[in-house]
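Engineer: Sharing a structure with you now.
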Ligand code: OMP
């Protein structure tokens, strides 16, 4: 049960922008997704509703939702709350610190214990898969079993020196599924039916897809 269209919400939040953007990989992209721009109650809530609906729809079973620092932290907290309030599913919430603390309670992880628990990672976007690999290592080293990853946007881009996408590579290497609320194909489909979108933008999006995506 989800009342919101992810792309509508992302555009309203200005988190999804069109133009010319240089990615971490050096690729020049006609669009960019900046999850940091979900910075108000309304759009944050709507985004979290989209994640929660995706997780319920996927039927993935897990004990703890893990949000990698920094952007994943608030996402995991919000989605954990909605999973309970809307779906009656009460799971734990955990995140990592970027800096290891040597005083107080210490440790790299904060929140629910993940040892011998089923963990689901929530993050914003996967391009080449670099960021997500770090989270996977942290969880494994603390004894958690990863049941999957859920991101807002799968850019469907081919991994460096590979023929499959970064998401497909993560799935193959770690043997768990990656769920995405939306992907580049969905976005192009959305823009086509949206109206008031310049034809030229859709053409640039399609050209980018042809060049870098595996669909
Ligand atoms: P990978 O670590 O290569 O999977 O890329 C994920 C990271 O790319 C994000 O954490 C961002 O720093 C950045 N990014 C976006 O946030 N949005 C995009 O649309 C594209 C990128 C990117 O640079 O590829």
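Quick reminder: no glycine exception, Cβ is built from N, Cα and C everywhere.
Annotated 5-phospho-alpha-D-ribose 1-diphosphate binding site per TrEMBL: 24, 70-71, 97-98, 101, 103, 123-131, in sequence order. The feature orotate binding site is assigned by TrEMBL to 32, 33, 127, 155. Residues or ranges marked as domain 'Phosphoribosyltransferase' by TrEMBL: 46-171.
How buried are these features, and what lies next to them?
Structural biologist: Taking Cβ-Cβ distances under 8 Å and a sequence gap of 6 or more within the same chain, the neighbours of residue 71 (5-phospho-alpha-D-ribose 1-diphosphate binding site) are 35, 36, 123, 124.
The number of other CB atoms found within 10 A of the CB of residue 32 (orotate binding site), across every protein chain shown, is 16.
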Engineer: Around the Cβ of residue 98 (5-phospho-alpha-D-ribose 1-diphosphate binding site), how many other Cβ atoms lie within 10 Å? Please give the count over every shown protein chain.
Structural biologist: 9
Engineer: In terms of DSSP three-state secondary structure, what is the assignment for residue 71 (5-phospho-alpha-D-ribose 1-diphosphate binding site)?
Structural biologist: helix
Engineer: Whole-number answer please: how many Å between the C-alpha atoms of residue 98 (5-phospho-alpha-D-ribose 1-diphosphate binding site) and residue 127 (orotate binding site)?
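Structural biologist: On Cα coordinates alone, these residues lie 21 Å apart.
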